[in-house]
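*Asks:* Checked Swiss-Prot, it gives:
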BINDING   Ser114, Leu115, Leu116, Pro117  (6S)-5,6,7,8-tetrahydrofolate binding site
Amino acid sequence: MRLVFAGTPEPAVVALQKLIDSDHEVVAVLTQPDARRGRGRTLHPSAVAELAQQHGIEVLKPTSLKADTEDGQAIRQRLAELAPDCLPVVAYGQLITKDLLDVAPHGWVNLHFSLLPAWRGAAPVQASIREGDQITGATTFRIDEGLDTGVILSTIEDTIQPTDTADDLLTRLAYSGGDLLVETMTGLEQGTITPRAQEGEATYASKITTQDAQIDWSKPAEVIDRHIRAHTPGPGAWTTLVDARLKVGPISHSGEVEVAADLAPGAILAQKNSVVVGTGTTPIVLGNIQPPGKKMMNAADWARGVQLDQEAKFQ
């Protein structure tokens, strides 16, 4: 099939590469405009744009798809000229307006990193870890006017591991989901897919803010563990000590915590080779900490450097 791929960040690159390597033809990509990154705040193309350029694929970077904008009108004209059979989408980042939904015979097909209708919205991977799901996956569905409400085309499952961070899980789903997207394109072309409506109660995973990532030490240890992993690497789980904000990496699972179980929530006990923190249930051993303006470091090394007193407590 002739495809126009819509996507922007690194996870979308995996799917795009798999489509390029498939029997389908990617005739153009839609991606977000160049954005300022790095210390110099210089403009850089998206990860998807870079890959497309390497393969000589046309790159379209509209600031908006709305019909009443200059970019929106130009995109409509170009899509009509390209005449795609389908527009696969992975984390594009722009609203696809109603009048564009029927621009191709097979419409727009989104790869979403959850088993819909679970975790509709912007942060399904983080939500599935944070809420303690054991099984998640990826779904391809046809985009309609709702928020991730379209008919399901294909799914694939994945088991969430006890130490998975959001980055770990997203990386796996990007690869398995990329394969699923290729299979979906082939199935649509061959007429072997039967779309089905989403069934069951929907849950929602809204975009995560920095404030959402703050650790509440009064929560049970397993909840804090999931919270930290769900926000690793971004935006990064964090806590405060006095007036300093520190990012906290995934906890250590290397051994048992040999301290009194009544360590108060947030209370810090620095041992020779570990840092233990009280929670609402049992204490946990920190893995890494990132002080302001520094790189992530071993928690025990951090504790030796700041010389914690006996009353030290995370807030």
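Just so it is clear, glycine is given a Cβ too, placed from its N, Cα and C backbone atoms.
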*Asks:* Can you tell which of Leu115, Leu116 has the least company, meaning the fewest other C-beta atoms within 10 angstroms of its C-beta, among these binding-site residues?
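*Replies:* Candidates: the binding-site residues Leu115, Leu116. Fewest Cβ atoms within 10 Å: Leu115.
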*Asks:* If you take the centroid of the Cβ atoms of Ser114, Leu115, Leu116, Pro117, the listed (6S)-5,6,7,8-tetrahydrofolate site, which other residues of that chain have their Cβ within 8 Å of it?
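*Replies:* So the additional residues around the site are His112, Ala118, Trp119, Arg120, Pro124, Gly137, Thr139, Asp148, Thr155, Gln198, Ala202.
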*Asks:* Please work out the number of neighbouring Cβ atoms within 10 Å of the Cβ of Pro117 ((6S)-5,6,7,8-tetrahydrofolate binding site), leaving out its own Cβ.
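*Replies:* If we count other Cβ atoms within 10 Å of Pro117 ((6S)-5,6,7,8-tetrahydrofolate binding site), we arrive at 19.
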*Asks:* Below 8 Å Cβ to Cβ and six or more residues apart, same chain only. Which residues does that give for Ser114 ((6S)-5,6,7,8-tetrahydrofolate binding site)?
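*Replies:* Within the chain, Ser114 ((6S)-5,6,7,8-tetrahydrofolate binding site) has Cβ neighbours under 8 Å at Arg120, Pro124, Val125, Ala127, Ser128, Thr136, Gly137, Ala138, Thr139, Ala205.
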